[in-house]
Every structure is written in C-alpha cells, then in structure tokens.
Amino acid sequence: MGLGKKLSVAVAASFMSLTISLPGVQAAENPQLKENLTNFVPKHSLVQSELPSVSDKAIKQYLKQNGKVFKGNPSERLKLIDQTTDDLGYKHFRYVPVVNGVPVKDSQVIIHVDKSNNVYAINGELNNDVSAKTANSKKLSANQALDHAYKAIGKSPEAVSNGTVANKNKAELKAAATKDGKYRLAYDVTIRYIEPEPANWEVTVDAETGKILKKQNKVEHAATTGTGTTLKGKTVSLNISSESGKYVLRDLSKPTGTQIITYDLQNREYNLPGTLVSSTTNQFTTSSQRAAVDAHYNLGKVYDYFYQKFNRNSYDNKGGKIVSSVHYGSRYNNAAWIGDQMIYGDGDGSFFSPLSGSMDVTAHEMTHGVTQETANLNYENQPGALNESFSDVFGYFNDTEDWDIGEDITVSQPALRSLSNPTKYGQPDNFKNYKNLPNTDAGDYGGVHTNSGIPNKAAYNTITKIGVNKAEQIYYRALTVYLTPSSTFKDAKAALIQSARDLYGSQDAASVEAAWNAVGL
C-alpha cells in the first residue's frame with residue numbers, strides 16, 4: 001500500500017523487499033540469500049526456535065521475542081481472523097492489525113508454519129505507524145454511518161431491495177488510510193441490493209465528521225462490453241432434481257451436499273434471484289431455457305474443477321450455495337459476481353451473445369467468489385488487476401482449448417482478452433506499459449481490466465514453461481495462502497515463486513521468476 005510497513009519475511013530470497021530469512025528453517029528448500037534486497041533484515045536479528053505448539057498464543061509469543069525486528073511487540077497489534085492447514089501440512093495464520101481494538105482496513109499479516117512447527121514465512125502489512133497517524137475520534141454510530149453512505153450513493157433504504165431477502169448492509173469501525181498517507185477512524189459500510197440494479201457498494205465514512213473517504217461499487221464482471229455467438233444447441237447432461245411434480249435446475253449431486261441452483265429473471269432487473277428454472281419433463285429444450293442450461297452445466301463443471309483439483313467446496317469452501325440468474329435485464333452486456341451470486345445478461349446481439357454461454361467467463365466469475373473469500377484483493381489499481389487476472393487465469397484452466405477469454409460469447413471481435421497476446425485486445429503485456437488510469441468508475445478503478453494483461457502474460461509464460469498441472473496448483477496456493485487485499489504485482493510474483501518452491505522446488509520456482517521477469521517485474 002505504501003501507507004504502512006510492507007512486511008515480507010521468508011526463507012525464500014524471492015519474497016521481494018523487506019525479506020527476512022529465518023535460520024534453521026526449511027520449506028521445500030533453503031536457497032542462498034540475496035544480500036542486496038531493499039531494507040534487508042539479516043537473519044541473525046531473529047530469535048528462532050521451534051514453536052512449543054502451533055497456536056495463536058505460541059505465535060504471538062514468537063513475535064514478541066522478535067520485537068526489535070518488528071519495531072515493537074506486534075503480537076499486541078494483531079487479531080487472528082483465520083487459520084488453515086494446506087495439503088502440505090503447513091499451517092497459515094491470517095491476522096488483521098488492530099489499533100485499540102479497531103481493525104486496520106485493507107491490511108493483513110499472514111504467518112506460515114511448516115510441518116516441524118517452525119515459522120518459515122511472514123508476509124503482509126503490519127502498519128506500525130497507524131496509531132500515530134489516527135487523527136480523529138468516533139462520534140457517529142453505525143446507523144448514522146449507514147445513512148451517510150446511502151446519501152453518498154444517491155439511494156435510500158426504501159428505494160432499494162433484495163427481493164424477498166433482507167437488506168445485506170453492515171457498518172464496521174476500522175482505521176482507514178486517507179490519500180495524504182494518514183489514518184482516520186472510519187466505518188467500512190457495505191450496501192448490497194439487486195433492485196433497481198445489482199450493486200455491491202463499499203463506502204468508507206469518517207467516524208467523526210461523516211465525510212465520505214471513498215466509495216466503490218464492487219460488482220465484479222468479466223467485461224462491460226463484448227460480443228458473442230448464439231448458444232450452440234449442443235446436448236449436454238444436466239444434474240437436476242424433481243420437485244412437486246416438475247423438474248428444476250437444482251444440482252444435488254455433489255458429494256459435499258453443495259447445491260448449484262439456476263434461476264430465470266425473465267429480463268427483469270429486480271426480484272433476484274428470480275424464478276427457479278423448471279420443466280414438466282427432465283428435458284430443458286426451449287429457446288428461453290438455453291442460457292440457463294449453459295449456466296447450470298458450466299457451473300457444475302467449474303465446481304468439479306475446484307473440488308477435484310484443490311478439494312475446495314464451493315466458492316467459500318464451506319459448501320455455500322452456488323446461485324446463477326440468467327436473462328438479467330434487456331440486452332444486458334455483462335456477466336457479474338455480485339457478492340453472493342452470479343448474474344448473466346443476454347447481450348445485445350451485436351457485441352455479446354448470452355454471456356452464460358462461455359465456460360471461461362463462468363469460471364472467471366466463480367473465481368471472483370473464491371478471491372472474495374480468500375485473498376479478497378481490493379478491486380482497484382494493481383490489486384484489482386490481479387483480481388481480474390486470477391479470474392482470467394482460472395478461466396483458462398477451466399477451458400484450455402485456447403488462450404482467449406470469452407471467445408464463445410463475442411460477436412464483433414474474436415474474444416475479450418488473450419493470455420498469450422494481451423496487446424491484441426488493447427492490454428499491456430509488460431510493466432513498462434502499465435496504464436496509470438484514474439481510480440474511478442470511468443477509469444475502470446485504475447484500469448483493472450486493462451492492466452490485468454501484464455500478470456496474464458506472466459501466467460502464459462509460466463504455463464508454457466512448466467505446464468498446466470503445476471501452474472494451476474501454484475496459482476491456487478498463491479491466491480489462498482499468500483496474497484492479501486492490497487497485494488501488488490511484485491507481491492503476486494513473490495507469492496507465486498514461494499508457492500512454486502513450496503510445491504515443486506527451486507527449478508520450477510526459477511521458471512516462475514523468469515516468467516515475471518519477462519514482463520518487466
């Protein structure tokens with residue numbers, strides 16, 4: 001972020017900047033250290049010992065022992081928010097920095113412990129300077145902050161709706177960074193609704209003055225414009241269920257019990273999720289059902305991909321229902337992940353055909369859900385471009401016939417984007433050509449759909465060097481284990497190198513590093 005201390009501690013020298021190697025610790029390997037890293041902290045500065053137990057308490061005691069390295073006792077400023085064990089047996093503790101009990105917005109610290117109970121890597125944003133820069137006090141209540149947020153987006157609670165579901169609003173007090181590099185107590189307000197149009201607003205409200213520090217509609221989509229063909233007319237097998245004398249697009253076949261459910265909005269932009277798609281027989285063959293068939297079939301395949309490859313149970317890894325709504329709006333040129341489900345427009349026929357007709361677009365949107373529940377990459381600037389890129393990359397992993405994204409739904413051009421040749425569709429493929437676009441809706445929040453071409457090309461370089469099977473494991477591990485909300489391109493490079501080293505060793509880690517070097521990073 002540049003507003004706090006960017007922290008990266010690891011045995012791997014490839015973790016860029018502020019890198020610390022822990023003595024006596026090995027992950028897959030223990031490479032030679034590079035002494036020219038910026039702000040390098042020598043390994044003898046750390047007290048290293050095997051943790052007596054792998055627990056929050058033991059880790060905080062370890063951090064306390066290393067107080068000089070972290071400029072104080074970081075254990076007093078960290079709150080545990082998640083703990084996972086990966087397939088290698090490594091444990092990962094995800095913390096949020098706090099100030100007087102208030103979490104710091106968009107900051108996380110992840111502490112990684114190997115199978116021998118040694119801390120082998122630490123990365124994230126510690127934000128040592130937050131306390132000194134918090135320059136206000138809390139005067140507003142959460143409800144008052146919600147009122148300010150509604151005014152900022154030009155809506156009222158009465159004017160929006162989630163259909164039959166209660167409004168999904170929340171206001172959480174946090175320490176938020178301002179443009180001048182300081183921090184203020186602010187409410188992180190989330191407002192989600194589906195009527196009169198889908199929205200997933202995040203509004204930052206100053207807790208003292210009510211001033212809007214930031215607002216963003218975080219409805220994430222594959223593209224704002226595009227083209228496509230008509231649905232193919234191909235016959236596919238569907239997992240459905242029989243309910244009340246009819247057949248419906250509800251997939252109950254998954255071994256985990258996760259449901260995949262497909263609805264029809266009948267060209268409305270309200271009453272989400274819509275009407276459950278049904279038939280009097282077990283055949284869904286009418287022209288109005290074709291978009292739903294594609295959405296249902298594709299999502300079943302995408303679920304199977306994440307479950308079979310990574311043992312991931314739905315986007316949230318908790319078996320959450322996977323919901324799609326097709327025929328959203330009239331001639332709507334978009335597909336979107338809106339925080340808890342997907343929507344698909346029918347396209348205008350000249351730029352897009354129905355957007356559910358593309359396997360890689362469906363996988364792209366589902367990956368936004370996975371990202372939301374793991375790294376939660378901010379949807380702006382470099383983190384936002386990474387958010388889009390990881391969705392594109394997993395879109396490719398689900399449809400490896402070509403390097404294009406969206407080729408099955410575009411009408412007036414061959415595809416939306418290309419991993420192998422980003423410049424073909426107006427994206428940069430090297431960091432020297434990074435587009436510094438404004439962080440506004442009109443500027444695509446810093447060019448998240450434009451600058452994603454750079455990490456996309458790095459992914460292409462990686463895949464062509466080490467193959468799909470290794471690359472997809474490396475990318476999934478980086479996304480779910482190492483990345484944090486404010487991760488930059490360099491952080492992604494470091495996370496992918498470390499993931500390659502964890503899984504496959506130094507040779508493949510070097511291939512990943514070379515892939516990113518080739519795009520100017």
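Positions of Cβ are set from backbone N, Cα and C atoms, glycine also.
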Swiss-Prot annotation, Ca(2+) 2 site containing Asp399, Asp402, Asp404, Glu407 - matching residue among Asp346, Asp348, Asp360: Asp360
Same-site residue for Zn(2+) (record: Swiss-Prot; known: His364, His368; options: Glu380, Glu388): Glu388
Candidates His364, His368, His449: member of the recorded positions with the richest Cβ shell (10 Å): His364
Binding-site residues listed as Asp402, Glu407, least Cβ neighbours within 10 Å: Asp402
C-alpha spacing of His449 (active site, proton donor) relative to Glu388 (Zn(2+) binding site), in angstrom: 6
Packing count at Glu365 (active site) (other Cβ atoms within 10 Å of its Cβ): 30
Cα-Cα distance linking His364 (Zn(2+) binding site) and Asp402 (Ca(2+) 2 binding site), given in Å to the nearest integer: 15
